[in-house]
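Chemist: When I checked TrEMBL for this same protein, it listed these features:
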type: DOMAIN; residues: A:1-75; note: domain 'Thioredoxin-like fold'
type: DISULFID; residues: A:10-A:13; note: disulfide bond
type: ACT_SITE; residues: A:10; note: active site, nucleophile
type: ACT_SITE; residues: A:13; note: active site, nucleophile
């Protein structure tokens, strides 16, 4: 699984990255997590509100920080 | 808020709409009662139980601090919750669709209005800028949107209403909308395209845009409201308490004529000085308001007070650093110049008519 966190590097993006790593650990999933900070690439995903979460090149969330439970759901759904 | 394919997991009693409704009504009633009882309660505690004198500096200062802290916390909690729920129906993507392909003029006003209502964190200013331009929204209209968003802060509107009443809150909103509309229009007239970084025009929108808000359920929206209240309160409470504390001290002790002399209605340079001090300062609107309340009570002219507050929240260094990524220095300078001028003008206008 390849996960990208889109966002210029503000607090919200860092929070999303931390929550994502926590959720992955809890679900015992391995994934390559990278953050994408350059604007053309971010907008290239059709995302205008950050932070955004991209799983296997699909945007699954944009514009806010999810709760831990929602994040677990998103990641579980993405694996099946 | 959740994936598009799966409904959100309902939490406890929220699963039943009736229980949810009853809870919401009960919470709203407790809020109203607490708001009504705030002043009599602290009158009782400070003046009767502790026995401080209502006429003394200490008594009125302590009362001010306790009463104002509770009032502001109640206002913030109640209104941020409602605003967040209302805002969950609007998104940057929807805003862009509303503004795309419009001509300048009326679109500037629409953009300013949407800038106030559409939720986005300041980190999203640049992706939003690129997204708007790529979707054919004129630059001036995009700028109106980006100016209105920080300038008219919903938390500030709520607090202004609680502290000064409806008239001043309305003045703040109307003047903010006018500034954003006119500034965007003026900047749109100077052919700003040459001062926008090239990559903006070479970025194409690919992928399927996510529309946050499209699939939200009521429990989702309520949860968002609660989270937003918690986030904002966690962020602003130290500033609030410091501001109210400083306010209480000035309220009880500072000589009133100092403020009237420096920035009262008689000083012709009041708004100019206020904006010059306000621009380099960076604070959250909620943090600066308790101070603003006392300055006003001590005789600072209302236009000067509004100009000061707007300059603090609208032109911040972090925001300008972000915008520098897409705007070349001349347009960035014009942006700051036009907005600062408009804020000074608002200050003078309100000092003159009120």
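Backbone N, Cα and C atoms are what each Cβ position is placed from, and that goes for glycine too.
Any TrEMBL annotation is an automated prediction that lacks curation.
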Chemist: Other Cβ atoms within 10 Å is the metric here; tell me which of the disulfide-bonded residues A:10, A:13 scores highest.
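Modeler: The most densely surrounded of these disulfide-bonded residues is A:13.
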Chemist: Tell me, by DSSP, whether residue A:10 (disulfide bond) is helix, strand or coil?
Modeler: coil
Chemist: Taking every residue in the domain 'Thioredoxin-like fold' (A:1-75), what is their average pLDDT?
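Modeler: Per the prediction, mean pLDDT sits at 86 for the domain 'Thioredoxin-like fold' (A:1-75).
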Chemist: In the domain 'Thioredoxin-like fold' (A:1-75), how many residues does DSSP put in helix, strand and coil?
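Modeler: Across the domain 'Thioredoxin-like fold' (A:1-75), DSSP assigns the residues as follows: 31 helix, 19 strand, 25 coil.
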